[in-house]
Amino acid sequence: MSLRMILLFLTASLAAIALSQRPKVKDMNGKQLVDLADVGDSCTDSYTGYAIIDGSLERCDNFTSIMMGGREGEREAYEYFKCRRLRVHGEMRRGKCVCKKNYKGPSCNEYEGCPVDRPFLYSTECTSNICQHGGRLAVATTHMECICKGEWDGRLCDRLACWRLTNRGHDKRYRNAGDKCECGTHYEGENCSVLKSCEKNGKFENGVCICADGYGGETCGQKCPGGKTTYVHHLIWTHLLIMQCLLFR
């Protein structure tokens, strides 16, 4: 088998990697989100570092320290921390973090004007989940936000991000189309995994793109490393890109 055929085989085989999804499970700082559903009611055996105590979401390290006397100024600093990080609709009053008017719940995310079966207010409507599209409320490093499914992104999973349906390096397989995802220009098929054409620096052959000198990537849209370099997210595809540049010279 020639080196060219080996590369074509690798390209087709690695295409399956692109079917992997990247649901939003980390916050804007790249830290793992802590699902509120995993938070218990005691700091004694908390594995998340948080607990809902007497109806209030607490960070165990700070809560335990304060209960044991704490350091000077720690209580006030922690109240500010709670309003900033552990409350959806919290505000400071007389040195204490409380829920804003008409809001309640462990993280001040329930609206008193909404019925029991739809206790959260999203925009102007009561809903059964403050996180849209099946998301789950979570603790983050900046503020409360949601863990999102599939192609959804944003603090409350209310922003379409079709690139999340693929692995790194394959963001163009899908594109946003209003409130849904559709295949990108060079792709087709049920999962947009079938390559149908290449960019101007490639020639479509046997289901893959044969790239011109100096170009690589799945659709030949990336310049090869060296000279003007291209940042490629996935290590495997970085190696594949280099191989294309070397073998198809």
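Cβ from N, Cα, C; glycine included.
The disulfide bond annotation in TrEMBL covers Cys148-Cys157. Annotation comment: TrEMBL describes 122-158 as domain 'EGF-like'. Per TrEMBL, signal peptide is recorded for 1-20.
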Number of other Cβ atoms within 10 Å of the Cβ of Cys157 (disulfide bond) across all protein chains: 27
Long-range Cβ environment of Cys148 (disulfide bond), under 8 Å and at least 6 residues apart: Pro23, Lys24, Cys131, His133, Gly135, Gly154, Cys157, Arg164
Integer mean pLDDT for the domain 'EGF-like' (122-158): 96
